[in-house]
Amino acid sequence: MSAKRTFASLFIDVEKGIPEDEHSIPLLTPNSEKLRHVRPKKSFNKNNATPSPTSNPMLQKLQLEAPSTTSTPDCTPGPDTEWPKKWRRSDRRLRRLNTELLGAILNYNVEEVERLLKSGANANATCRLDFVSACHMAAMVGGDALELLVKYGAEKHRQDRLGRTPLHLAAYAGNARQMAILLDFPEDMQRRVDNEDMSSEAEEDVKKISQQTKEMVNVMCDLGEVNIILPKSWRDNIDHNCMSIKGTLPLFQPGWTPLHVAASCARKQCTRLLLAAGANPNICDVMGCTPLDVAGSAYHHKKDIDSKNFTEVVKILLNAGSQYNSMKAGGLNLETPLHTAVKLGNIDCIKALLDAGVSISCLNSAGLTPLHLCVKDKLEEPLQILANYAYKNPDPLTASVDVKDKEGHTVLQAAVEAAWVPGVCIALEAGADVTMKANDGETPIHSAANLGDIDVLNEMLSLAKQKDFIDYQNGEGETPLFKAIINGHLQCVEALLNEGASIKLTMPGNVNVLHKAAEYGHIDILQYLIEYDDGIAKEMINSLTESDRRGFGPIHFAVFNNNSECLNYLISKNADIRLRTTGTPHKSSTPLHLAAMKNFEDIGKIILNNDRTTIHEVNNIGWYPIHTAGYHGSREIIKLLLQEGADLSAYTDGPKKYRLTAIQMVIDNISKPTEFFEEIFDSYISSNSQNVQDSKCEMTVDYRILMPSVCEMQQMKVIKALINTGNRSGQRKLLVHPLVESFLYLKWKALLPFFYVIIAVYALFVSSLTIFVIGIFFYKDTNNSPPPILNPNVWSYIVYCTIFLIVIQELFYMNIKSIKYFLQVETWIKIWSLILAAILPILTFVSSVSNTEWPRHIATCAMLFSWIELMFLLSRFPNWGYYVLMFGKVAANVIKILLTFAFLVIGFSLSFMIQFRSEIPFDGPWAAFVKTMVMMTSEFDYGALFDQEHTQELATSLILVRVIFVIFLILASIVLMNLMVGVAVNDINDLEVLGNIRRLVKQVEFLRNLDNLVYNKFVNKILPSRLSKRIRTKRNVLGVMTFCPGKSRWRLHNTLPSRIRNAIIDIAQEQKIQREMEVDMESFRLKIDEMYKIITEKKENKKKEKLAEVQNELRGMSNIKYCEIMDRFKNLDDGVKKVKTQVTEYIEDTKCPIENLNVKMDQMSLEIEKIKEFLHRLESKLGSL
């Protein structure tokens, strides 16, 4: 057991300590010596000096074990010494003291630090997170805490987990005294170097001991993780907030020495001290940066540095022979001291660095040179110095100011892009080349044209050295002229063209100047370009770009970007309004197609006002503009196109299976299509007055949306297209809209004579067939002879004649409807009635010889089918068809219920057949099923079923039969029949609406077929031309219908049913109110705009008046103040004169003879003697008292 625990103890995390519950572990084990890490033996140095590290420090993972005994007393335990159990409580106390010690140092409480050290806190107390020791924190915060820690045996040169030593942190904080303590300087030298201006004598004294401190000051930090074995007596407690320490310490670059740190923070005193102590000014970090390279770099990490100290640090490093690697052409692309000096505006430092020969082409991390940084921050004086400095060995072909950043931009180009005119002037004065190209091919002239400053552009054009510079193209193929056009700088365009810029030069993709002007909507530039040089650019007005550049012409760009002014101007300059784009990506579209795609209503109006026929142009996939508008859901343009005569029934090109109508596209691609079309249909009903009773009130119904001019000979085409869209969005409700329903009614009235002919032919067929059947079977069954008028032979010929006429009519229908003709129940009923009627006369002749019963069966079916078909035909009448279709809907519901519960009926029928021993009326399955169905209609015939005879036969099962009969009575007769009635007519209002819609659908189909039949070319050829023309005019509905509700005797007043007429009046009144409200709102908006304009003008006038008053007051005050000042000056002059006279008088008075002065002096001496005698006498009297 002990052996197992000993083996496990090899993997114990020393930071976690010894678990408290392992009481069975002996205090000492045979393997205790193996668990103890051997301390590295280090020789003692004199004066308690720190042993020197290796001469060539390598940046690698450090394996730090227990500290040396050089500066730590012997009482410090080894890293893994096993403590007896009685010491574990004191171990916790030690950790608590260590934690409090770290907190006291962080809070600058030196007294508390001393108290804790005396109480037993370890001077090497360390935070367990990053192994930051008390020494690190004391070196960072300053004060006397570090001296106390060293006194109590703290390790001064330890590294934390990130490789930082206390010397690095002291240099970062600028604590020179702490650095002296860490370097083991004597106390008098510590005080001397702590002075802000360290004397040269003190510096020389430091240099004398530099051989001892040289290796200490050149130690490098390592940002790689350092593996440290931390003794338990150094650890903090588990409740220590380690993150508070982690966030206060800075991070250093790998390989930095304390000199790097001091230079980066511009610590002048620390820099001098480190150099005097033997710091190498040319040592490099892993990035290759010397201390001079990183001087002032802390400024770029949001740390404030003193500008004056920064200059001194740079000069100190330069004097110490520090080299630089970042301030060279093609350097390290880091923030250099020159960049820092520019950011600080430190002229002295800039000059010092330039004198040292640094390169101004060095780039920082953002890819900017110091000159570009001046431009970015708009630092005029530093830029002036950098641009005009007399550099050594300059390039004779380029100016020093032509250095480039990582984007290839020169200083001039950067100044132009920043719109910084002083920078532009400085660069031009320094000889900047205006034709140098950046990485993207742009020159400063491009940037000037982009900026739009005409003065800058003219100055640069005048300084250009090359001839073809003005047409240089950047990476996008843009010349300066294109840049000026894109940004709308007309003056720059004029200047460039006057300097010889080519107006015909194109960008890649055949993009010319007119394309760009129209694309960006610069109408003034577009006008200037087209009219420039007698219209030399007019030949490009209809040129197209390549397909990868949209394939547009100027007019397409104007339309696509909703630039109405450019569009009007291009049309006025004879631009092709039907110009088509390339095949890809816009499918050879016209400008109207693009306007429909983008839903630009104003653009569409402009195009249609100039050429209405463009509405019938198709692109290369056969789409009209109405198709494009519908596909993209462009509501406003759809309304506009319909008002201008667009055809909703127009098909796209392609295979018949995939062809779509315009109305199908609109319904599929907009939200709430039914409401949208209702709104459109409402707009085609209007009124000139709200008072319906007014005799002058006229209602106007415009049917042109339903029969556009392109298909005026097929007036049912649009409504048929609406029906073909289905009913997914409830669009069939549109059939009951007053506009559509009234049109269908008028169309029905127009085609009614032709329908009368059709129904007369079919009625003659049914009548002749009925008379023929009666003449054959009725008189035969009654053994009577028919009268001559009912002679079957005569009527058989009439039947065949009517069948012939009906077949010809149906052949026309088949030609019109094709496959759909055979998908209707009515069609098959009609076909079978004709077939059976045609066979019947032949079979009656054969049956007279063979005496068979087949003719009777055929006659029965023929009569039934023909009369049912006559009912369907009569349902075409508006007033009758509604009930027939309601009958069909109810029948469908009843059949559906019967099919659902057919198993129940079959079960009862078979039960009755079995119990009644297959006797009549249950003598078979079919007979039993029919009898059960009859019983469901309440014809139970209970007395016949359960009479005395049947009761005797059912004596053994009479009770069961009656139970089954009762169950049948409840379930089938009562429940099922009531359910059938309830479901069939559950909502009579819905049935009425659906019936009306179905009637209108049937009416549309019939009217379309009838319309096509009447307009058939073959029929027109057969009929006389006059009759054909009269029929054609008779069948058409007028495009616009107007009637007066106040004139009941007017011819058109009673044309429509009152229900439809009232619906039209209601909509017209709503439209009238809505239009008046819109007009009122528009007038109200105009008035509000006028009021706002007047109010703003008044406010501006008041502001101007107040400003004028203030200016006048200021002028008056300035005049008053001037007068007052002049008066005061006069008073001062008078006063000065008076003082001058008094001084002169005093001087004259003092010019007395010397004798008079001597006399006065004698008199004064005599008086003094008298005073002395008086005082002597007074003193003697006081003494006697």
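Placed from the backbone N, Cα and C atoms, the Cβ positions cover glycine too.
TrEMBL entries are annotated by machine, without manual review.
What TrEMBL records for this protein:
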| type | residues | note |
| --- | --- | --- |
| COILED | 1154-1181 | coiled coil |
| COMPBIAS | 45-58 | compositional bias 'Polar residues' |
| DOMAIN | 762-991 | domain 'Ion transport' |
| REGION | 40-59 | region 'Disordered' |
| REGION | 65-85 | region 'Disordered' |
| REPEAT | 162-194 | repeat 'ANK' |
| REPEAT | 254-286 | repeat 'ANK' |
| REPEAT | 333-365 | repeat 'ANK' |
| REPEAT | 440-472 | repeat 'ANK' |
| REPEAT | 476-508 | repeat 'ANK' |
| REPEAT | 550-582 | repeat 'ANK' |
| REPEAT | 621-653 | repeat 'ANK' |
| TRANSMEM | 754-779 | transmembrane segment |
| TRANSMEM | 794-816 | transmembrane segment |
| TRANSMEM | 828-848 | transmembrane segment |
| TRANSMEM | 854-874 | transmembrane segment |
| TRANSMEM | 894-914 | transmembrane segment |
| TRANSMEM | 958-981 | transmembrane segment |
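When Cβ-Cβ distances below 8 Å are used as the criterion, the repeat 'ANK' (254-286) is approached by residues 59, 163, 165, 167-168, 170-172, 174-176, 179-180, 183, 193, 196, 198, 203-204, 206-207, 209-211, 213-214, 216-224, 292, 294-299, 303, 305-306, 309-310, 312-313, 316-317, 320-323, 325 of the same chain, each at least six residues removed from its ends. Residue counts of the repeat 'ANK' (333-365) by helix, strand and coil are 17 helix, 0 strand, 16 coil (DSSP-based). Across the repeat 'ANK' (476-508), the DSSP tally of helix, strand and coil residues reads 16 helix, 1 strand, 16 coil. When Cβ-Cβ distances below 8 Å are used as the criterion, the transmembrane segment (754-779) is approached by residues 748, 785-786, 790-792, 795-796, 798-799, 802-803, 805-806, 809, 837, 840-841, 844, 855-856, 859, 862-863, 866-867, 869-870, 873-874, 876, 1010, 1013-1014, 1035 of the same chain, each at least six residues removed from its ends. Panel annotation: around the transmembrane segment (828-848), residues 765, 769, 772-773, 776, 792, 796, 799-800, 803, 806-807, 810, 822, 854-855, 858-859, 861-862, 865-866, 868-869, 872 of the same chain, lying at least six beyond its termini, place a Cβ under 8 Å from a Cβ of the stretch. Residues 287, 289, 292-293, 295-297, 299-300, 305, 307, 310-311, 314-315, 318, 324, 326-327, 371, 373-374, 377, 379, 381-382, 385-386, 389, 391-392, 400, 403-406 of the same chain lie 6+ residues outside the repeat 'ANK' (333-365) yet bring a C-beta within less than 8 angstroms of a C-beta in it. DSSP places the residues of the repeat 'ANK' (440-472) in helix, strand and coil in these numbers: 22 helix, 0 strand, 11 coil. The repeat 'ANK' (162-194) scores a mean pLDDT of 89 in the predicted structure.
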